[in-house]
Amino acid sequence: MDKLIITGGTQLSGELRISGAKNAALPILAATLLSEAPVRVGNIPHLHDITTTMELLGRMGVHLLVDERMNIEVDSSTINSFEAPYELVKTMRASILVLGPLLARFGEAHVSLPGGCAIGTRPVDIHLNGLMKMGADINVEGGYINAKATRLKGCRLVLPQVTVTGTENLLMAATLAEGITTIENAAKEPEVTDLAHFLNAMGAKISGIGTDVLVIEGVDKLGLTSIHYDILPDRIETGTYLVAAAITGGKVKLKNTRPETLDAVTDKLIEAGAEITTGPDWIQLDMHGNKPKAISLRTAPYPAFPTDMQAQFIALNTIAEGVGIITETIFENRFMHVQELHRMGADIKLESNTAICTGVKRLTSAPVMATDLRASASLVIAALVAEGSTMVDRIYHIDRGYDHIEEKLTQLGATIRRVAR
Ligand SMILES: CC(=O)N[C@H]1[C@@H](OP(=O)(O)OP(=O)(O)OC[C@H]2O[C@@H](n3ccc(=O)[nH]c3=O)[C@H](O)[C@@H]2O)O[C@H](CO)[C@@H](O)[C@@H]1O
Ligand SMILES: C=C(OP(=O)(O)O)C(=O)O
């Protein structure tokens, strides 16, 4: 099992190119199942979750071609199985995203139930209830969702809670349904918007993109001609490197990103004392060598502060001036990083879904363990300022969502290396 060893104490500086967004690439690769003609998808990040998705599509008989620049051509005309098996779903919950496309185009899907994970129970009831309302026949047996439909029927769906992959599954299903579907209280995350643009590029008729009411007029077929689509840049990767630079008092310029998708995050960094400058596709952060001020925030669906940046801001608060209060409202168990940060000397008290962080003068290195993707990022960020060398174990979590993290941080001047046991 690989580990990262990070020696703290360097101010990060320099420029970095941000990769494509994991959470847009996963639904878009699933959506290629809807296309009659082969589809080319570009700006795909090098991530373990992408390899898992390719394996999942490959096992269904889908033909995939990857070039050296990570453009992936997907041809689903050779599909011969409609199953997402447990051994893949258990490593990547987003495998549930094949459910909507398989059902809509092929009338059949067998997808292992994702189950809970470190950050919460994460049920998929809203996905299933929506599909049933569209006429699907669904039963759950032996840990599998078995779904069948002749042709899905458009209807009005009012989601009881904002769900990102739930909105995406229902959106993909609705593109080939008969008639009009409206999805109310839809997720507005930029990754949902990117998926909607991709579907429209394949011939879908979706309006209301970027709002919480999506209106989808079903069509008979999608992707009658081949298209090429580039995935939007990763706002969470961008935010993570901004926080990494901020905690070290550094100055970085992140290129190939979308500043307008990060307002909630950059506002908090400005509050922490950062000077933020933006251009059409770049963000620069300059802390002028200063320590951050403690930040209080509350996670909520987009455009509010993203839960996927909560752990990184807790790391920032560990050495900040003052007390920061961080409330997690999306997932019930997303504070696993706190106990590991304690091992490095952080002062954080947990009260229900709130973490009260009092900045300490210094963190010290300790062996720590990654428990989930963003928790891992927070440990790496803390290690960048800890005295001594910190060993972060179980970094397969980080490889799910951060493209070449040690190379990118090295490029910014950090002392970090990967070791294999
Ligand atoms: C691959 C991907 O895009 N993952 C993102 C996606 O996860 P994901 O789509 O799994 O998260 P959701 O938006 O669905 O979850 C939001 C909340 O709704 C609940 N819920 C969801 C569906 C459902 O059927 N029933 C239900 O109760 C969840 O337990 C959670 O409490 O959005 C999360 C919230 O922004 C992000 O942290 C994840 O990075
Ligand atoms: C929680 C995340 O991913 P997933 O939904 O794939 O577990 C994440 O990207 O932070």
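Here, residue 1 is simply the first one shown, and the rest follow in order.
Heads up, the Cβ atoms here are built off N, Cα and C, so glycines get one too.
According to TrEMBL:
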- 7-409: domain 'Enolpyruvate transferase' (DOMAIN)
- LYS22, ASN23: phosphoenolpyruvate binding site (BINDING)
- ARG93, ASP308, ILE330: UDP-N-acetyl-alpha-D-glucosamine binding site (BINDING)
- CYS117: 2-(S-cysteinyl)pyruvic acid O-phosphothioketal (MOD_RES)
- CYS117: active site, proton donor (ACT_SITE)
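Shown here: features listed in TrEMBL, placed on the structure.
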{"residue": "LYS22", "record": "phosphoenolpyruvate binding site", "CB count, 10 Å": "26"}
{"residue": "ASN23", "record": "phosphoenolpyruvate binding site", "CB count, 10 Å": "25"}
{"residue": "ARG93", "record": "UDP-N-acetyl-alpha-D-glucosamine binding site", "CB count, 10 Å": "18"}
{"residue": "CYS117", "record": "2-(S-cysteinyl)pyruvic acid O-phosphothioketal", "CB count, 10 Å": "15"}
{"residue": "ASP308", "record": "UDP-N-acetyl-alpha-D-glucosamine binding site", "CB count, 10 Å": "25"}
{"residue": "ILE330", "record": "UDP-N-acetyl-alpha-D-glucosamine binding site", "CB count, 10 Å": "19"}
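ILE330 (UDP-N-acetyl-alpha-D-glucosamine binding site) sits 14 Å from CYS117 (2-(S-cysteinyl)pyruvic acid O-phosphothioketal), counting Cα to Cα.
The shortest Cα-Cα distance from ARG93 (UDP-N-acetyl-alpha-D-glucosamine binding site) to any of the recorded positions (LYS22, ASN23, CYS117) is found for CYS117. ASP308 (UDP-N-acetyl-alpha-D-glucosamine binding site) carries a helical DSSP state (H, G or I). Residues ARG93, ASP308, ILE330 are recorded as binding UDP-N-acetyl-alpha-D-glucosamine; their most distant pair of Cα atoms lies 16 Å apart. Residue pair ASP308 (UDP-N-acetyl-alpha-D-glucosamine binding site) / ASN23 (phosphoenolpyruvate binding site) shows a Cα separation of 11 Å.
LYS22 (phosphoenolpyruvate binding site) is 18 Å away from the residue listed as '2-(S-cysteinyl)pyruvic acid O-phosphothioketal' when you measure Cα to Cα. In the three-state DSSP classification, ILE330 (UDP-N-acetyl-alpha-D-glucosamine binding site) falls within coil. Among the binding-site residues ARG93, ASP308, ILE330, the residues whose Cβ sits under 6 Å from any atom of ligand 2 are ARG93, ASP308.
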